[in-house]
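Asker: What TrEMBL lists as domain 'Dihydrodipicolinate reductase N-terminal' is 3-104. Positions annotated as domain 'Dihydrodipicolinate reductase C-terminal' by TrEMBL: 107-238. For 136, the entry in TrEMBL reads active site, proton donor/acceptor. The (S)-2,3,4,5-tetrahydrodipicolinate binding site annotation in TrEMBL covers 137, 146, 147. Here TrEMBL flags 140 as active site, proton donor.
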Ligand SMILES: NC(=O)C1=CN([C@@H]2O[C@H](COP(=O)(O)OP(=O)(O)OC[C@H]3O[C@@H](n4cnc5c(N)ncnc54)[C@H](OP(=O)(O)O)[C@@H]3O)[C@@H](O)[C@H]2O)C=CC1
Ligand SMILES: O=C(O)C1=N[C@H](C(=O)O)C[C@H](O)C1
């Protein structure tokens, strides 16, 4: 049983609260935009671990506050990673515990492993060109999704042909890996990696049907992080 602070009490925060309480954890703090001033070091110290699923503009500050208060913090918020290295340095300075994943679903982390394998294979077959597509609900603030960026960076690490990634429609150069971001309805999260030649194509695709997969992974990470020091991700927890 753990005492959990939820930083962000929207779609993900509420899904995590439901699973946590059903498993016997206690949610000791719930922070949203309307009570953000209640996020103080004293309030955080009542928790064994904090879980941040907030907004791109709020995540870095929330994570820093947890590290300053000496509270282990798990974050899944996307769209703020230009400050990720700063958060890592802050964690190390404070001797704290920080766990980040662009996607906490076990299925997506298996999909990441498949993507890396396919990218390694395709490094030997230049006739095939990759493209990524992600589809999410219309409330999503960031594009491309954090998951699509993780997929793209894994391809870049195994494929010398590209120098970076870019969003289609933004005037891509030939050495940028294209990512298409679509927004429709209440799509929970769909990601596809397609490698096309002029005669055929190979695609791998992951579809989330509910937010529970993300919430289960985040809750598992929160329990796993308690008592540890350092910076961690899903590969540390799952060994993938
Ligand atoms: N890594 C993963 O596996 C996943 C990551 N995500 C990411 O998690 C984030 C949240 O997603 P989701 O729950 O769907 O989004 P929501 O918009 O439903 O929830 C975000 C919540 O953050 C609250 N908030 C606003 N300001 C602050 C603040 N300063 N501190 C704390 N909370 C604040 C909002 O409050 P209010 O409603 O009052 O404005 C809202 O309740 C997104 O970045 C998304 O991309 C989502 C799913 C899975
Ligand atoms: O905003 C969402 O909903 C999601 N965001 C994450 C991302 O940006 O990759 C993970 C998941 O796809 C759902």
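Quick reminder: no glycine exception, Cβ is built from N, Cα and C everywhere.
TrEMBL does not curate its annotations; it predicts them automatically.
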Asker: Can you tell me how many other Cβ atoms are located within 10 Å of the Cβ belonging to residue 146 ((S)-2,3,4,5-tetrahydrodipicolinate binding site)?
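Answerer: If we count other Cβ atoms within 10 Å of residue 146 ((S)-2,3,4,5-tetrahydrodipicolinate binding site), we arrive at 20.
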Asker: Once near-sequence residues are set aside, which residues in the chain of residue 147 ((S)-2,3,4,5-tetrahydrodipicolinate binding site), 6 or more away, have Cβ atoms under 8 Å from its Cβ?
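Answerer: Residue 147 ((S)-2,3,4,5-tetrahydrodipicolinate binding site) has long-range Cβ partners 78, 102, 103, 108, 134, 189, 191.
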Asker: Express the distance between the Cα positions of the residue listed as 'active site, proton donor' and residue 146 ((S)-2,3,4,5-tetrahydrodipicolinate binding site) as a whole number of Å.
Answerer: 11
Asker: Report, in whole Å, the straight Cα-to-Cα distance of the residue listed as 'active site, proton donor/acceptor' from residue 146 ((S)-2,3,4,5-tetrahydrodipicolinate binding site).
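Answerer: A Cα-Cα distance of 11 Å.
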Asker: Tell me which of the recorded positions 136, 137, 140 sits in the most Cβ-dense spot, judged by other Cβ atoms within 10 Å.
Answerer: 136
Asker: Reduce the DSSP letter at the residue listed as 'active site, proton donor' to three states and note it down.
Answerer: coil
Asker: Mean pLDDT for the domain 'Dihydrodipicolinate reductase N-terminal' (3-104), rounded to an integer?
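Answerer: Reported value for the domain 'Dihydrodipicolinate reductase N-terminal' (3-104) is a mean pLDDT of 97.
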